[in-house]
Amino acid sequence: MKKPLSIAVKRMLRRGMAALCAFACVFAVSACGADDADGRIRIGIKFDQPGLGFKKNGTYVGFDVDVAKYIARKLGYSEDQIVWKEAPSKQREAMLQNGDVDFIVATYSITDERKRVVSFAGPYFVAGQDLLVRKDEKGIDGPEDLNGKRLCSVTGSTSAVTVKEKFANEVQLMEQPGYAECATALFSGIVDAVTTDDIILAGLASASRGRLRVVGKPFTQEYYGVGIKKGNTKLARNINNAISEMIKDGSWKRAIADNTKGVDYTPDAKYNPPKPKEGEK
Ligand code: GLU
């Protein structure tokens with residue numbers, strides 16, 4: 001007659017399973033709960049904005065990248081535990097809602113509209129919407145000169161929304177997936193100006209080697225936040241603490257200096273550095 005599995009063997013198996021479970025659980029909730037089960041953190045950035053979030057020979061550089069790395073380190077992740085994901089303007093909310101990324105640092109303005117579906121930590125920077133024109137442009141000295149002009153901006157950006165709200169009747173707006181495409185349209189004469197945040201335009205002007213210039217009359221304030229899943233107040237608090245430290249220990253200033261070297265751009269000292277206090281409650 002076949003003997004049933006001995007009690008001792010059964011007990012051993014049960015203990016083994018319990019140990020395995022405990023191990024898996026610890027893994028899944030390690031650090032702040034913002035990571036993959038494999039211990040990596042997924043961060044959304046831009047790949048095509050020089051000076052902010054830029055992919056260069058398989059590495060990632062820019063002010064947003066430096067802010068993201070600093071935050072990741074404070075949350076307990078080394079640089080090789082970061083998985084960088086491209087977060088185009090139009091896709092940011094969906095990426096956070098779907099859990100494709102743990103947080104986003106991508107020139108992402110804090111707005112009430114966006115706060116209906118995602119939350120923010122920060123702000124960590126304040127920019128202003130401005131205009132980029134060809135070097136020899138004579139007719140555009142500020143937003144007051146936009147009547148009858150053709151503008152390019154990016155789908156899903158506050159910049160495109162502002163154009164539609166403020167200049168709907170006077171301008172023709174072309175929308176592109178990224179600002180690099182807008183710069184190309186400006187080079188080729190398809191549009192008369194590109195509009196978005198001054199710090200983004202300054203990077204594009206610098207990359208154009210003198211062929212494009214920023215007008216320099218900002219007409220909005222863009223408070224850059226770190227996008228997180230809606231309601232994650234604990235992560236917001238941790239990120240705000242990291243940003244505060246980055247400002248306090250001089251890393252914020254250094255990151256700005258490093259990433260605007262040779263670029264004609266100085267952050268508006270009236271708003272920068274800002275006080276991070278968003279999303280905690
Ligand atoms: N800061 C603006 C925004 O969040 C424009 C820059 C961008 O598209 O990333 O929409």
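Just so it is clear, glycine is given a Cβ too, placed from its N, Cα and C backbone atoms.
Copied from TrEMBL, the annotated features are:
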type	residues	note
SIGNAL	1-33	signal peptide
DOMAIN	40-264	domain 'Solute-binding protein family 3/N-terminal'
DOMAIN	40-254	domain 'Ionotropic glutamate receptor C-terminal'
REGION	262-281	region 'Disordered'
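Counting only same-chain residues 6+ beyond the ends of the region 'Disordered' (262-281), those with a CB under 8 A from a CB of the stretch are 51, 110, 119-128, 198-199, 202-203, 205-206, 214, 218, 221, 223, 225, 228, 232-233, 236-237, 239-240, 243-244, 247, 252-253, 256. Residue counts for the region 'Disordered' (262-281) by DSSP state, with H, G and I taken as helix and E and B as strand, are 0 helix, 0 strand, 20 coil. Mean per-residue pLDDT, taken over the domain 'Solute-binding protein family 3/N-terminal' (40-264), amounts to 98.
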